[in-house]
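Features of the protein shown, as given by Swiss-Prot:
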- Ser21, 24-27, 38-39, 43-44, Gly70, 125-126, Asp128, 156-157: GTP binding site (BINDING)
- Thr26, Thr44, Asp67: Mg(2+) binding site (BINDING)
- Cys209: S-geranylgeranyl cysteine (LIPID)
- Cys210: S-geranylgeranyl cysteine (LIPID)
- Cys210: cysteine methyl ester (MOD_RES)
- 35-49: motif 'Switch 1' (MOTIF)
- 67-84: motif 'Switch 2' (MOTIF)
Amino acid sequence: MGNGTEEDYNFVFKVVLIGESGVGKTNLLSRFTRNEFSHDSRTTIGVEFSTRTVMLGTAAVKAQIWDTAGLERYRAITSAYYRGAVGALLVFDLTKHQTYAVVERWLKELYDHAEATIVVMLVGNKSDLSQAREVPTEEARMFAENNGLLFLETSALDSTNVELAFETVLKEIFAKVSKQRQNSIRTNAITLGSAQAGQEPGPGEKRACCISL
């Protein structure tokens, strides 16, 4: 998966980061989009997002990654945060079992507000702190399998699997969009309009703000 330019892209995929406060969502975001990591644990209140354009085959995909930035502490996340999301990383801290114990609640909230076709990856973050592990890998992997989720363990600190996590989710979304587009072409059921899933803009056309699965 290569980098593209921010101005030149075929698709925009909105991906949301969800999970308890302090699990490392913001650092996963900054590591993927800017290759940065902050040891400052202070929480920023509000919703923020960063983007990174990557190449999937010959298609340029702009990943728009949204972070709750502390709002989860106050249960203040609204349906607007999930609207239009085609991917999600459900993050827990593998050194704090209580952050894993509530992933089912987060998953329910996600499915209550997002499309059923959303691509979801369960992410056990802070794998660099293996000595302090409280969540066995196989336990989390089994939960992911039983719920139809992708699964990886990551470390935003040392970058382990961060690229792979986002890349895997983006590739899965792209595969779904491509399949939907092919099916639409075969059935001659493409709806004209920039918001149609899988439709690439023509020359001079304004690019779609998001893709819906």
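Just so it is clear, glycine is given a Cβ too, placed from its N, Cα and C backbone atoms.
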(request) Fewest other Cβ atoms within 10 Å: which of the binding-site residues Ser21, Asn125 wins that one? Let me know. (result) Ser21
(message) I need the least crowded one of these binding-site residues (Asp67, Asp128), counting other C-beta atoms within 10 angstroms of each C-beta.
(response) Asp128
(request) Under 8 Å Cβ to Cβ from Lys25 (GTP binding site), same chain, six or more residues apart: give me those in sequence order, or none if nothing qualifies. (result) Leu17, Ile18, Gly19, Asp67, Thr68, Leu89, Val91
(message) Through the lens of DSSP with three states only, how would you label His39 (GTP binding site)?
(response) coil
